[in-house]
Amino acid sequence: MDLAALRAQQLELASRIVREDQPITTTPSVIAGADVGFEQGGEVTRAAIVLLSYPSLELIEHQVARIATTMPYIPGFLSFREYPALLAAWDQLSQKPELLFVDGHGISHPRRLGVASHFGMLVDVPTIGVAKKRLCGKFEPLSDEPGALAPLMDKGEQLAWVWRSKQRCNPLFVSTGHRVSIDTALAWVQRCTKGYRLPEPTRWADAVASGRPAFRRWQEIPR
DNA sequence: GCGACAG
DNA sequence: ATCTTGTCGC
């Protein structure tokens with residue numbers, strides 16, 4: 001793999017990311033969550049996409065795709081490692097969502113093209129990036145109260161909101177993926193958070209992608 | 001030159 | 001991300 005070429009590709013794609021809200025924004029009735037996990041020591045990439053109804057936030061569909069891993073993890077190039085599997089899972093959906101949450105950064109990336117932005121652009125759906133760790137940029141320490149907020153700044157521009165979704169939990173990094181402003185991204189993440197650190201779409205995608213016990217229970221003991 | 005570094 | 005049980009704290 002040629003990192004210089006991938007870096008150039010990121011700059012090109014990043015220039016096409018829409019950081020503003022859509023002129024016509026209607027309330028979504030279906031919101032998706034996407035996440036990626038690995039198996040067999042990393043040789044297999046497993047992507048999961050879940051569909052939740054809104055505003056009830058109930059799981060209505062989940063798809064999992066497994067493909068041979070094509071690239072190693074290199075900070076700043078995560079999307080090239082994860083998007084092939086995500087696209088495979090996306091194609092398996094019986095219906096497409098109106099809003100998409102992706103586990104990872106959106107524009108809060110060195111070249112402004114985190115996995116949420118890259119994948120969001122590929123499927124061309126309003127997308128939000130929800131990351132659990134900082135990749136770049138700086139922010140002031142948050143107070144301990146849940147709801148504490150601080151802008152993630154880099155080179156003079158705000159790239160995300162650092163938001164403490166729950167008490168005694170590390171904050172989340174919420175950013176524009178594609179076709180959603182940073183403020184609107186935060187508003188949707190807040191509306192979809194129900195008492196846990198992660199918003200429901202990413203929480204379920206995470207559970208499905210990594211075979212969490214909570215999900216297996218729901219999966220193996222239905223009805 | 002010395003750290004930092006999504007998942 | 002993943003390897004992994006119990007355990008400390010609210």
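The backbone N, Cα and C atoms fix where each Cβ goes, glycine too.
Annotated in TrEMBL:
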type	residues	note
BINDING	A:Asp35, A:Asp103	Mg(2+) binding site
SITE	A:Tyr73	site 'Interaction with target DNA'
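Mapped onto this structure are the features recorded in TrEMBL.
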| residue | record | DSSP (3 states) |
| --- | --- | --- |
| A:Asp35 | Mg(2+) binding site | strand |
| A:Tyr73 | site 'Interaction with target DNA' | coil |
| A:Asp103 | Mg(2+) binding site | strand |
Using other CB atoms within 10 angstroms as the count, which residue among the binding-site residues A:Asp35, A:Asp103 scores least?
A:Asp103
Cβ neighbours of A:Tyr73 (site 'Interaction with target DNA') where a neighbour is any other Cβ within 10 Å:
11
Round to a whole number and give the Cα-to-Cα distance in Å for the pair A:Asp103 (Mg(2+) binding site) and A:Tyr73 (site 'Interaction with target DNA').
15
To the nearest whole angstrom, what is the C-alpha distance linking A:Tyr73 (site 'Interaction with target DNA') and A:Asp35 (Mg(2+) binding site)?
15
